[in-house]
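Lifted from Swiss-Prot, the feature list:
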{"type": "DOMAIN", "residues": "34-196", "note": "domain 'SIS'"}
{"type": "BINDING", "residues": "Asn49, Gly50, Gly51, Glu62, Asn91, Asp92, Ser117, Thr118, Ser119, Ser122, Gln172", "note": "substrate binding site"}
{"type": "BINDING", "residues": "His58, Glu62, Gln172, His180", "note": "Zn(2+) binding site"}
Amino acid sequence: MLERIKDSFTESIQTKIDASEALPESIAKAAEMMVHCLLSGNKILACGNGGSAGDAQHFSAELLNRYEIERPPLPAIALSCDTSTITAIANDYSYDEIFSKQIMALGQPGDILLAISTSGNSGNVIKAMEAALSRDMTIVSLTGKDGGAMAGLLSVNDVEIRVPSNVTARIQEVHLLAIHCLCDNIDHTLFPQDEQA
């Protein structure tokens, strides 16, 4: 048991080392896009399933409240939170439409969709991306493995943050770190701090 625990730490560390080489440019570009979106008076919508739904909520909470510095709230909405809406859409239409219908109602040109799926193949996240594109939104995707079908929907205006791993747990761990990097860069770009203080 102890060895399995130690192995999990070691694998997580190695995946983060690999990601530290592969992901900084994508994360920086995504953060720049998000800053531009927010400065333009737009918002960020986020979606995912299971642990990725938790990540979407974590991201929106950090923007709506604060990350590490005192600042005004920033507009972000996790589309996985409204159980009445989600269950109504799933019951009346399809589970694949639980995010896309919300995006058709809430998404505006200039908004960003943060689409999260460890496999890149979640049907409802793919439909969300299609809806976002139809609303002239840009997309930041957080994926892993080979990027799945989500990778094929992205244009040069979008950003893919693809974790270099095939292990779901390791991908989720790096997704959380990437989200924290996004929040940190958004905060320090919009609200520069005196590092000497």
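Keep in mind that glycine also has a Cβ here, set from the backbone N, Cα and C atoms.
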Simplified DSSP label at Glu62 (Zn(2+) binding site) comes out helix
Distance, His58 (Zn(2+) binding site) to Gly51 (substrate binding site) (CA atoms, angstrom): 10
What is the separation, in Å, between the Cα atoms of Asn91 (substrate binding site) and His58 (Zn(2+) binding site)? 26
Have a look around Glu62 (Zn(2+) binding site) and count the other CB atoms within 10 A of its CB, chains all included. 20
Spacing of the two Cα atoms, Asn49 (substrate binding site) and Glu62 (Zn(2+) binding site), in whole angstrom, works out to 19
Cβ neighbours of Asn91 (substrate binding site) where a neighbour is any other Cβ within 10 Å: 9
